Amino acid sequence: MLLSQPLLHAAVFALTVLQALASNTFIAAVYEHAVILPNAAIKPVSPDDALALMNSNMDVLEGAIKEASQQGAHIIVTPEDGIYGWRFTRETIYPYLEDIPDPAVDWIPCTDPTRFAPAPVQERLSCMARNNSIYVVANIGDKKPCNSSDPSCPKDGRYQYNTDVVFDPEGKLVARYHKYNLFIPETQFNYPKEPEAITFETPFGKFGIFTCFDILFHEPAVVLVSKLQVDTVLFPTAWMNVLPFLTAVEFHSAWAMGMGVNFLAANTHHTSISMTGSGIYAPDGARAYYYNMKTEDGRLLVAELDSHPRLSAAFPPAVNWSSYALSVERFPSIDNDFGGLVFHDWFTFTELTKPEGNRTVCQKDLCCHLSYKMAGKREDEVYVLGAFDGLHVVEGQYYLQICTLLKCKSTDLETCGQPVEMAQTKFEMFSLSGTFGTNYVFPEVLYSGVQLAPGEVEVLSDGRLISKTRPTKPVVTVTLFGRWYEKD
């Protein structure tokens, strides 16, 4: 006897849930999407034209979702701006927005598309999830009317939000998140009056979600992990890479390690503005990642993760980030410290003039200690140890404490801190630590060619970031990136 379509879907969904419950792991997917962008427009396009563009992008996303499902993925994350791009003013983005209800309404747009206002994008995303029995995470725009009784109501009578949505394998809307920390160019959007800490339960762990620039702030990012104890963070992003510390794969991998969670980062792909870098990250390192500045190709990544990483035998031990650095005296000074800019922040540097040794450099309350041995010192490459302790004020205001071993762009010390992707110097060993005033420290190691070092480095419980392989691959930077939320 053949099952009816609803019964067949229910059977497939039940099987998916049972499979997830039977295992302490799950299969995650992220898709880096080369977004089809709208033409630059001074006036809003028609709703039909807006939907046509969004359907073109969703055609691509649907192919990725089907492929992920065929590879056994339980959840897939797609990028911020992945359905309509980012070339908008407040007025011109309006035709692309839909009214997204609170998930408490218990709604499956795929089977009940007319229950609320027209929502063809939500309907299609819901059907992608339902037809492929997979959780689908996407980024779209939400609109909410307001009036003069609300003193914060914009002049055009509506709020517009950069919004993440999650549909479960039945196609039900289970999460909606309004981005709180908007990046400077996002003038087309409003931020919610209060930051939202959005979580939802699955058969394979507790999930939280936020968007792109949110990662650099306490709310909602730290709240989700430290207070709400999520197992996995979902992260749609449109990340413009900034070497040497804020390259997408580098920082996102480090954030997962520093916070002790799984992290599913899906980036847009647009090389002309340095947008690339997606990954599936666990607390012990990257499981899969993609960085490509040479072609305009999208990429699907699929990898297995522990459902509850804190319970895993591979979960890293608790770290006291300042323990070692505070217990040792400063290594002898050679009195050749100098200043230099890294992404607009004024660092104090000291040059590594010998092929091996112990060095200390300090700025304000932060002292950074380095023990190292190069596998042969090259005359055409210069490395420095740097420290920054202060307020970053360019695209936002937030306090940082950073210790870094980095390669200079050339042998001219004035180039130290400028973006570098390639290196040739390998290290027999390195050990980096700092007198951090915060426990939120993210360990980064970036090899030549923007390659990560999964399994090749280790953070000791006393706060030292050390190499495990001898020799390493050629090093671009070794960094402890401290985010001092407590001072904000």
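Using N, Cα and C of the backbone, Cβ positions are placed for all residues, glycine too.
So that you can see what the record holds, here are the features copied from TrEMBL:
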type     : residues : note
SIGNAL   : 1-22     : signal peptide
ACT_SITE : E80      : active site, proton acceptor
ACT_SITE : K179     : active site, proton donor
ACT_SITE : C212     : active site, nucleophile
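For K179 (active site, proton donor), the same-chain residues that are 6 or more apart in sequence and have a Cβ closer than 8 Å to its Cβ are Y161, N162, T163, D164, E186, F189, Y191, F210, T211, C212, F213, D214.
Counting only same-chain residues at least 6 apart in sequence, those with a Cβ under 8 Å from the Cβ of the residue listed as 'active site, proton acceptor' are N139, N162, T211, C212, P236, T237, A238, T268. When Cβ atoms from all protein chains are considered, those within 10 Å of C212 (active site, nucleophile) total 25, not counting its own.
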